[in-house]
Amino acid sequence: MSGKVTTHVLDTSCGKPAAGVVVELWRIVEGGESELLTKAVTNQDGRLDKPLLTENKMARGVYELRFQVGDYFLRNGFVNQAYPFLHVIPVRFGLEDVNEHYHVPLLVAPGGYSTYRGS
């Protein structure tokens, strides 16, 4: 199995994929500092066109996905306030085995979200 980190975003308020969500992948380094590894935007299926991280760049450690959902909700008219309740959703996770597929989906609505380790 080739290791990689992937995600997808579903908008549970309308039951559709969330297109146009900016997703950042950060590595948490010594002292708790964050290092931006990559940034991508979800496509019409709410998925990314390629993995955020692949086997040759994977390393054991702590990572954080940051989903820029506030801009998505504003752009699509789901909220009508300058400062949406959910703006950036951070999901911090541990990566132990560089040969595994780490899929971290986000189910989101303007008032809440959930995530899980997918396959």
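Counting starts with 1 at the first residue shown.
Cβ coordinates come from backbone N, Cα and C, glycine included.
Note that the structure is a prediction, hence the values are computed from the model and not measured.
If you check Swiss-Prot, you get these features:
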- H8, R47, Y116: substrate binding site (BINDING)
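All features noted in Swiss-Prot, drawn onto the structure.
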residue: H8; record: substrate binding site; CB count, 10 Å: 20
residue: R47; record: substrate binding site; CB count, 10 Å: 18
residue: Y116; record: substrate binding site; CB count, 10 Å: 10
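Take the mean position of the Cβ atoms of H8, R47, Y116, the recorded substrate site; other residues of that chain with a Cβ within 8 Å of it are T6, T7, V9, L10, G46, H103, V104, P105, L106, G118.
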